[in-house]
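Have a look at the structure below, then the notes.
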Amino acid sequence: CLMAAAEPAARKRRPKGHFVAGAGRAKRPRGAGRQLEAGMRGILITCNMNERKCVGEAYSLLGEYGDLLYGPEQFSDHEERLSGSDREEDEDDVEAALKKEVGQIRASTEQKLRRFQSVESGANNVVFIRTQGIEPENLVHHILKDMHTTKKKKTRVILRMLPISGTCKAFMEDMKKYTETFFEPWFKAPNKGTFQIVYKARNNSHMNREEVIKELAGIVGSLNPENKVDLNNPQYTVVVEIIKTVCCLSVVRDYVLFRKYNLQEVVKSNKEDAQQNPSSVTEEQNSEVVKAEIEEEEKSSKEIKEENK
């Protein structure tokens, strides 16, 4: 009799836990495809605390220059058609009609991915804008070149804007395999160039900065022995940004001239800029910025170590 009384009580308790767990699972698909992962291209943006405003500024700036370079974004009118005949369903079958409409909206969204789409980066003060159908390097270089020329400040909270042309898993074997192909357009013979590698890791403690730089420099050298490291006046800067278990990569020009792709710094006037053109920068200027870059990386590595204590 006691066992019989205990069984219904157990059954009553079980559904409560079951539904709580189910509710947690139900929320997850919401963010599916909306976080930074291997296989994405886009633009990594650092900001000063206000991520929400950063996203707004990014959409505005990228939209402005995206329309200039690639023409206005084209949208399908499929969504407008959804509001017509599809809603004239029998009221007794509301659930089926709703399912159908949700399915059509989802299919429509998947069919026409937006040119710019914010996704979760996995790090504080970092925003990632996934891109579709455009070259992130060309777009960001164009923005910085225009801001460098006009000295017109266009953002308040965006600091750096780095194009990300490829992403892979942030493990040494994955990175080596991926970059052997990724680096080819710039560094595989007959292509060649002088280069430097800049490295930044966030929320990641398993990668070693020196090891990554050494391995990637070795791959660039193996593609063409004429590729040489140059910390003073490199033609190309290999940007390595690691967030959690994702490695973001790009190869950019004018990294030093455009102040490490910092939108706040690139609009500041100075004497050197009056005599500089993109892709031609003095060794003195390069040395100063490269030195600052190294200091920044050393500082960030100390911060990572402190965070992991």
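Cβ coordinates come from backbone N, Cα and C, glycine included.
Because TrEMBL annotations are produced automatically, they should be read as predictions rather than curated entries.
Annotated features, as they stand in TrEMBL:
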REGION    1-33  region 'Disordered'
DOMAIN    146-253  domain 'THUMP'
REGION    269-309  region 'Disordered'
COMPBIAS  275-284  compositional bias 'Polar residues'
COMPBIAS  299-309  compositional bias 'Basic and acidic residues'
- prompt: Counting each residue once, how many in the domain 'THUMP' (146-253) are helix, strand and coil under DSSP?
  reply: 35 helix, 37 strand, 36 coil
- line: The predicted model's mean pLDDT over the domain 'THUMP' (146-253) is 97
